[in-house]
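Enquirer: The following block contains the structure, expressed as C-alpha cells.
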Amino acid sequence: MKGEPKVIERLNEALFLELGAVNQYWLHYRLLNDWGYTRLAKKEREESIEEMHHADKLIDRIIFLEGFPNLQTVSPLRIGQNVKEVLEADLKGEYDARASYKESREICDKLGDYVSKQLFDELLADEEGHIDFLETQLDLLAKIGEERYGQLNAAPADEAE
C-alpha cells in the first residue's frame, strides 16, 4: 500500500530517534553495570530492548507503506559520565522523542493515516512512561543523595554478575 511521503518521512524520523535510543540505553546499561548500579543497569537494558521493539514496529510500518527504512543514521548519543548525567541524558532523549511523536501523530491525522497515528500514540504512551520513570529517579537522587541512591540501585554482591 503506497503511503504518504510525509508520513514515511515522519516514521523514518522516529526510527532515527529510536535507533539512537537503543544505542544510548545499551551503553548506559554497560556503564551503570560497571559502576555498580546493577539494578538501574538492568532497567536501562530493558529500555534499550523496548526501544529496539519500537524501531522494529516503525520499520514494519515503513515497509508496509512502500517506503524504505533508513537505518544508516541514528540520533546523536548523549552519554552520561555519572549516574545523574545518565538519567539527565536519557530524559533529554525522551523529551525529544515525545515532541517529535506529538507532531507526527498530528501530521498522520491530517493526512488520514490513522494506523500510523495509532502507532505514534503507542510510542508516545511508552515515552511518557519513560519520562515519568526518569523524572522520578532524578527527584529521588536529589532528595536522598548519590550515595543512598547508589545503595538502592546496587544489587547485593552475590547477585552481581
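Positions of Cβ are set from backbone N, Cα and C atoms, glycine also.
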Enquirer: According to Swiss-Prot, Glu18, Glu51, His54 bind Fe cation 1; so which of Glu127, Glu128, Glu135 is the extra one listed there?
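Expert: Same Fe cation 1 site in Swiss-Prot: Glu127.
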Enquirer: Of the candidates Glu85, Glu94, Glu103, Glu159, which does Swiss-Prot annotate as part of the Fe cation 2 site that also includes Glu51, Glu127, His130?
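Expert: Only hit among Glu85, Glu94, Glu103, Glu159 in Swiss-Prot's Fe cation 2 site, alongside Glu51, Glu127, His130: Glu94.
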Enquirer: Note down the number of other Cβ atoms within 10 Å of the Cβ of Glu18 (Fe cation 1 binding site), including every protein chain shown.
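Expert: Within a 10 Å radius of the Cβ of Glu18 (Fe cation 1 binding site) lie 24 other Cβ atoms.
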Enquirer: Would you list the other residues of this chain near Fe cation 1 - those whose C-beta lies within 8 angstroms of the C-beta centroid of Glu18, Glu51, His54, Glu127 - in sequence order?
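Expert: These residues sit around the Fe cation 1 site: Ala14, Leu17, Ala21, Val22, Glu50, His53, Ala55, Ala97, Leu123, Asp126.
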Enquirer: Quick check: which same-chain residues outside Glu51, Glu94, Glu127, His130 lie with their CB within 8 A of the centre of the Fe cation 2 site CB atoms?
Expert: Ala21, Glu47, Glu50, Asp90, Gly93, Ala97, Arg98, Asp126, Gly129, Ile131
